[in-house]
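Asker: Here TrEMBL flags 23-58 as domain 'Gfo/Idh/MocA-like oxidoreductase N-terminal'. What TrEMBL lists as domain 'Gfo/Idh/MocA-like oxidoreductase C-terminal' is 128-265. Per TrEMBL, region 'Disordered' is recorded for 243-291. TrEMBL lists 243-260 with the feature compositional bias 'Basic and acidic residues'.
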Amino acid sequence: MTVGVAIIGGAELFRIDSPISLPIPKQAEYIRLALSASKHVLSEKPIAENVKDAQELISWYYANIDSKKVTWSVAENFRYLASFEYAREQVQKAGRLLGFRAKRYSMVKGGKYFGMGVCRCICGLLLRPFQETEWRKNPTHQGGFLLDGGVHVTAGLRLLLGPENTITRLSAFSAQLQKHLPPVDTIDAAMKTKSGATGTFSVSFGTSFTGYEFNIACEGGTVSLSVFGSTVTTVVEGKEEKSVVDDERTGVPPEVRKWGEALAAGQRNEKQRPEEALADLELVSGTSNSR
């Protein structure tokens with residue numbers, strides 16, 4: 001999903017309500033421009049380069065824009081994956097939280113995201129070729145690729161734990177394992193929720209480990225979500241039940257559809273509130289800042 005001045009130039013950009021998906025350092029400028037032109041905006045995650053910029057952008061929005069008439073929403077497709085919604089339901093049924101584990105491992109090669117050959121918009125039309133995503137090769141945003149991809153993991157974890165189990169404390173170690181993934185590509189953290197439960201958060205985009213899973217332990221049993229297989233496994237009193245959930249692609253189509261439906265109803269989809277995106281960013285930033 002890529003909309004910007006390279007595709008829709010000048011005033012044309014602001015004749016439509018705008019999905020904005022640009023390099024992280026560029027987004028805030030165009031979010032402000034579109035909102036100032038009284039256009040509803042759906043901007044890509046993460047909400048900003050860092051927590052400070054995100055907080056300032058949110059403050060600017062409420063101080064300068066009538067949020068009841070002009071809405072600003074922030075995309076996070078994991079909130080629209082049916083597998084996450086189903087897993088969250090199972091967690092709620094299982095009772096008091098005892099512990100959790102979140103892990104996301106892969107080896108991101110230099111060419112996959114750093115030397116892409118074409119750029120496509122959400123409708124699938126070819127827009128224009130480009131040589132390299134320089135903003136990923138030499139990131140100015142805190143955390144680099146770990147921030148860009150890790151924010152999905154924090155969004156998923158927050159969704160599964162729910163507001164009753166907000167993360168309040170953490171301690172983490174970080175590392176850069178691959179030269180093309182500056183400044184860090186690996187985080188291992190211990191976390192504690194406001195309810196007192198503890199868990200682990202492990203993310204690396206530069207490892208030979210593989211897997212993308214969330215494991216939640218509750219008094220009534222365990223709930224595990226394998227993201228790559230859209231599979232939710234529950235174990236209650238020793239009885240295992242496995243469900244393969246039908247996700248709609250990566251969650252982007254329902255995400256954009258729900259944005260449009262909310263606009264048609266004169267509302268903002270609550271899952272797309274900037275404050276939700278800020279909470280995702282605060283958590284992943286907290287892991288990369290911890291020493």
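Note: Cβ is positioned from N, Cα and C throughout, glycine not excepted.
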Asker: May I ask for the residues of the chain that lie six or more residues beyond the compositional bias 'Basic and acidic residues' (243-260) and have a Cβ under 8 Å from a Cβ within it?
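Answerer: Distal contacts: 1, 19, 42, 73, 75-83, 86, 122, 229-234, 269, 271-272.
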Asker: Counting by DSSP secondary structure, give me helix, strand and coil numbers for the domain 'Gfo/Idh/MocA-like oxidoreductase N-terminal' (23-58).
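Answerer: Residue counts for the domain 'Gfo/Idh/MocA-like oxidoreductase N-terminal' (23-58) by secondary structure: 21 helix, 3 strand, 12 coil.
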Asker: If you average the pLDDT over the domain 'Gfo/Idh/MocA-like oxidoreductase N-terminal' (23-58), what number do you get?
Answerer: 94
Asker: On the DSSP side of things, how many residues of the region 'Disordered' (243-291) fall into helix, strand and coil, could you say?
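Answerer: Here the numbers are 32 helix, 2 strand, 15 coil.
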